[in-house]
Amino acid sequence: MSEDRFKLHPVAAVVDFVKGLKELILPFLIIFFANGFNVTFNPGDGSFWASIVPLGIFVLVIIVRLINGVLKWWTYVYWFEEKELRVEYGLLVKKKRYIPFDRIQSLNYKEGIFHRIFGLVQVMVETAGSTNGKPEVILTAITKEAADQIELVTRKSKEEEYENELQSETGNSVEKAQAPSSRVIHKMNKKDLLVLATTSSSMGVVIAGVAAALSQFAEFIPFEWLFEEFSDFIKFGFVIVAFAVFVSFLFTWVIAVIITFINYYDFTVIEENERLTITRGLLEKKRVTIPLNRIQAIKIVENPVRQMFGFAAVAVESASGGFGGEEKKITLFPLIKKSRLFKPLHELLPELEWQQALTKPPKKAKPFFYRIDFVWLLPVIALCSYIWFPYGLFSLLIIVPIILLGLWQFKTTGYAISGNQLTLCYRIFSRVTFVVEKKRIQALESRQTFFQKRREIASVEVTVMSGFTGATAKALNLETRDIEEMMSWLEKNDHLK
Amino acid sequence: MRKQLNYQIPRKGLTVWRLYGLFNTLVVSVLMGVACFLTYYFEWPSFIVYIAIALVLIVGLASIWLFPNIRWDHWRYEVREHEIEIQYGLFIVKRTLIPMVRVQHVDTSQGPILKKYDLANISISTAATTHIIPMLVTNDADSLRSRISTLARVAEDDV
């Protein structure tokens, strides 16, 4: 095994530095907004020190960051030794981290703009232990060849071990493991991206963002002048108002499309050697790898708009990882026609079933889906009616959509058990189908209020491991009998075997 | 109907819960005392005093008498060979089933009050969740802890 020590690419220093700068932007802005940009370099001025001291501190911090970045790059080495990936860095305090190859769960790649220019990647090494969302080792910038080399070395050693095991078991040599077969499970084209952008909830976020941005500049907008204009506007008639609304929606939509393209451009899912590899991104390319056996549960999410057009999104709850920790849930298919959904899922996880008849909650459970909302709703309505009498009475109308939503939730809810698989279906706003295997369930909990007990219904909540805290799925107000059946399904019944 | 779980929290646990409730009530009464004083000092309307007194009474009644009773009544647990099942809750009765294979570690903990009453809490951790069985007699808690950890080690993942 070679013991060459490798260094990061010098760009690593720049990347670290820029990342540090990003963190500084916010405090910088806050301080200078608070100061009102009254920076003066005239020592005679009374506010000279008040403005120069924060500026000086910032310059100092930036210089320290720069030195830090350079030092980290200067001292950072990694190498392979005794089937371990070894990393060392630090000038005064030396940090060393050794990771055995067979503990490495996945190598995730990320390419920022700087990386793209120089043909580099950022490699994040994840182990089973890195459930707190942080990768064990981050190689900030190395060439693609170096990244391939890491992958090659780790894989080769794993295969060697595997072969040794086989040899010791069977006593004769086995032919070399087949070349890794990789197949594309899912790929998004530009049309899909457009639909994704249009139906995503980020539309709402963008609208909120535009509104927030507008409100920020509110003082610069000449409202009085606008209102005068607006009264003329009204004279022009309804059409122009509608047109203005339409234009602002179009604007919002374009922003949503741009964001979606930047994030999801060239979204590809590849299955290779029992591992899933997901690549995406336009400016910043990201690549995440999940070993198939780390997948804990599958979640099919249909938001109301998408459900109307027969689209769904699929996410996996994975025990490790995600893109460097900020996303614990990994999106497998951001958008897919529901009719075309089951084939790739079946290919990927052949032991799971996808289309089953669900056991529904009983009719008597119907009121339970909206009754609980009245607890907070009635005081709100009473308050509104009291304060803004008589117009506040219109708040009574809220009850209608709440009941309708409740009925919709009732209609969606259901569960199915088949073999070792539990499927829960529920809705808050989006319809969620949660599929989990028995061996992945960490805990199953039934909940029953006094009122539910009287009508013999109960709710159920299942927890699986995902990231640091775990993920849960709930099905509300099922028949108590059904939930008890679910419980005994999870129990291990020796006497029945 | 699923059968009722076998074990309950010892009677002493109820006493400790009442004690906690008493502390709660004391904190609330101090706050309300301050409110009454302020009302007197600034000559605010006198109904504030009545509300404060009512609040102390309600909190006292609920947290010293009612809630501990209900909670104690609902608390049940059972540790079987392949799973742990606990039942708890105040208004919502929750019943949790934890397969033994999923148990990662078991801790017991004991604060000064629990120590005085010779009680301890057990917390059972899986990869995603933590479950607590409170107020067990220290000896029982210790033996239960070692029993769970033995069972968890023996349990095989065969599903």
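Placed from the backbone N, Cα and C atoms, the Cβ positions cover glycine too.
From a predicted model like this one, the values you see are computed outputs, not experimental measurements.
Per TrEMBL, domain 'YdbS-like PH' is recorded for A:73-150 (among others).
Per TrEMBL, the feature domain 'YdbS-like PH' maps to A:264-322 (among others).
Averaged over the domain 'YdbS-like PH' (A:411-478), the predicted model has a pLDDT of 91. Residues or ranges marked as domain 'YdbS-like PH' in TrEMBL: A:411-478 (among others).
Look at TrEMBL and you will find A:47-67 (among others) tagged as transmembrane segment.
The transmembrane segment annotation in TrEMBL covers A:193-218 (among others).
The transmembrane segment annotation in TrEMBL covers A:238-265 (among others).
Among the features that TrEMBL reports, transmembrane segment is placed at A:368-388 (among others).
Remote same-chain partners of the transmembrane segment (A:394-410), defined as residues 6 or more beyond its termini with a Cβ less than 8 Å from a stretch Cβ, comprise 361, 365-366, 369-371, 373-374, 377, 380-381, 384-385, 426-429, 476-477. The transmembrane segment annotation in TrEMBL covers A:394-410 (among others).
Cβ atoms under 8 Å from those of the transmembrane segment (A:368-388) belong to residues 395-396, 398-399, 402-403, 405-407, 409-410, 413, 451-452, 455, 457, 476-477 of the same chain, restricted to positions at least 6 beyond its ends. Across the domain 'YdbS-like PH' (A:73-150), the DSSP tally of helix, strand and coil residues reads 22 helix, 40 strand, 16 coil.
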